[in-house]
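Shown next, in structure tokens, is the structure this report addresses.
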Amino acid sequence: MEIHSSVVPAITNVKSLDEIRRSAKFHPTVWGDYFLAYNSDNTEITAAEHEEHAKQKEMVKKLLTLAPNDPTDKMQLIDAIQRLGLQYHFEKEIQEILQSIHANFKADKDLHTVALRFRLLRQHGYNVACDVFNNFLNKEGDFMESITNDFEGLLSLYEAAYLGTHGEEILDKAIEFCSFHLQSSLPQISNVSLSKRVEEALYIPTHKSLTRFGARKFIPIYEEDESHKKVLLNLAKLDFNIVQKIHQKELSDLTRWWTKLEVPKNMPYSRDRLVELFFWIVGVYFEPQFTTARRILVKAISMASLIDDTYEHATLDELKVLTDVIERWDTNAVIKDWPPYTQMCYKYLFDTYAEIEDEVEERESYRVQYAKKEMQKLVRAYFDEAKWLYKNYLPTWEEYMKVSTVTGAYMMLSTTSLVGMGDLVTKQDFDWVVREPLIVRASSVISRLMDDLVGDEDEQKPSGALCYMKQYGVSKEEACAEVRKHVKNAWKDMNQECLEPRPASMQVLTRVVNLGRVINLLYTGDDWYGNPLGSKEWVKMVFVEPLTI
């Protein structure tokens, strides 16, 4: 593509503009160059580790293929494999077992068995009916009090209910019923492993949790379970440590890339969050084969974060010119008399996307063009929000959602997440994702509104709740309840889109759903991205501390 050099007119009266310039005070990075210490020597996976890993995998594969005919035993084994973060090794075997269970469906009176089967089948795309839970209702249509003492069954029903779609009122009832009784029964649960599983589920249910982070928390809980399978536990620990070394090496390389940019020096108003962003993207795909995809997506989300902070810091005149430069993707633009940070902003962006182009094969270069267009769309939306702020304009709820679901960056990330996935995706997948299908819109709604719910009270930017309050004349509590309802409905949209017949492959859909899962963790109770102290322990668990074998 031919690029023409251009000169952009200078912005005048910079001193007076500085007086109205907005700025935010973000907590400095808590990691600095810590991960630079992880080099090829201390992240090397030894031959002994490879050999033991292969041996343990074969043993677990035999467990799956030679599992007894009892469907409940098979399902519990599959559930443990998934929660230990090992599913990616046994996808074929798991799919064959679930096909058989689905084809040979038998009614069951055991709540745990019914709920576990429902959850596993729905997780794998089977559109099984929720009326399997009717047997546990009384004549009034409420759940029977007799099941409240079945803690394992109650937990299984609670977990299964989060796979619900629109119109499945019995699952909405199940969440309310189970959460109340599990919470009130916690002191009575003597089984330590079960008690901890209940606590974790009440905080974030399995369906909404991250595979990698969830596995790190589940492994010690599984170890405390007297019925655990030793070979499965051993593989889970070894696999976790091996993948951790891969992530440490990637994070070391990315830290080196980030350090060379000198962001804190050149853009001191911005968030320095490379490590937290890597945690974010590992939530999208943690598996070893996605190293390139992770590197690309971390770089893209890092640029989005810098641009977001710049659009909240710069003046409207500066942003108008910056938006124009990015809209034209003018890599040779020369902007006279601009503050240095504005020029660094688009230089970082263009250089980073040039690096991304180098990451993919020539036959896949079209993918980067899709990614660029989504970034341009994101920048236009940032500019729309900036105009609202400078004009003191409070948008309607509809106007707000149209723009803010873009500035949440999940439309851009959904597209860019596919760029480095190799042969697992096609051009048709990119054509599909940029049309903003329902699952992408739903993930974007979750991203924006979860952020809004924990946003600072004194933020200058309008929030969904504020727009709803002013437009409909309701209280803050009522507006927040409406926002939560939209988040709940968005999860149901995503659940529906993952059932057969699917609009895209599960490899593609999983990236979009995982983005929703990341935001659910980061914005449950607080903004753990804006406040890195809160997520520091999570980072240590996943990237620093190996498991004891």
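Just so it is clear, glycine is given a Cβ too, placed from its N, Cα and C backbone atoms.
Record check: Swiss-Prot places Asp308, Glu312, Arg448, Asp451 at the (2E,6E)-farnesyl diphosphate site, and the matching candidate among Arg271, Arg328, Arg484 is Arg271.
DSSP assigns Glu312 ((2E,6E)-farnesyl diphosphate binding site) to a helix.
The (2E,6E)-farnesyl diphosphate site in the record is lined by Arg271, Asp308, Glu312, Arg448, Asp451, and its two most distant CA atoms lie 18 Å apart.
When secondary structure is read from DSSP and collapsed to three states, Arg448 ((2E,6E)-farnesyl diphosphate binding site) falls in the helix class. Taking all protein chains in view, 19 other C-beta atoms sit within 10 angstroms of the C-beta of Asp308 ((2E,6E)-farnesyl diphosphate binding site).
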